[in-house]
Structures are given as structure tokens and as C-alpha cells.
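> I have a structure I would like to understand better, so I am pasting it below and will then ask my questions one at a time.
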């Protein structure tokens, strides 16, 4: 009679195994969920400064900031370091507007023609009194 009693015990043990498997699966899914949350928290964490000056492969890829700075060469430093030149006064621009377009562009042929016509008119006029 011992044999029938042992059979139900082994059958109870077989029922316990699937439940233990499901509990292991639950633990595994919880671990994956925790890892996913940790990855997301790392993704949205602000970039921190790294004092490592090494450019080896391990140091270039150990954090997102080093990957951007060392691996890709992208540096998001302050842009306020550039100094602008002082604004020029408008006194220089007014004489340029007084000049004709031909002198600003470098076309001096019109000036030569004007000088020749002025020279011929001066030579043709004998003067007022002499």
C-alpha cells in the first residue's frame, strides 16, 4: 500500500514545478523591467563632466559625454568665448555713398572720358581778359 501513497506525492511535486517556473519567469520579467527603468533613467540623466583625458577605445565609449567629446569630436562648450568686433561708426559709410557707382566698382573709363572732355573745353576757352 505504500506505492499508491507515493504516487500522489510525486504528482504533487510535479504540480509544484510549473508554479516554480512561473515564479522564476515573473522574477526574470521584473528584473528586465528594472533594467529598462534603469536604462531610461540613465538616458534622461544630465551629462556629467569627466576628468579622464585618455583617448583609448575604452575611455571614449565609457559614457555618453566622452563618446560625444572624444569619439565624435562634438563639444558643447559655452559659445560666449567668441568676442565680437566693435561696431563701426557710420561716418565711413557716408562718403562711400557720395561716390559714384563707377568709382566704387573700379570702372575708371568714365572718369578718363570726363577728364578728356574737361581738358578740351579748357584749352578751347582763351580766358576772360588777356
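Backbone N, Cα and C define each Cβ position, glycine as well.
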> Ranges 65-77, 78-90: which does Swiss-Prot label motif 'Nuclear localization signal, and RNA-binding (TAR)'?
78-90
> Looking at the ranges 33-49, 50-66, which is given as region 'Cysteine-rich' in Swiss-Prot?
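That would be 50-66, the stretch labelled region 'Cysteine-rich' in Swiss-Prot.
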> Which residue counts does DSSP yield for the region 'Cysteine-rich' (50-66) in the helix, strand and coil classes, in that order?
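Summed over the region 'Cysteine-rich' (50-66), the classes give 7 helix, 0 strand, 10 coil.
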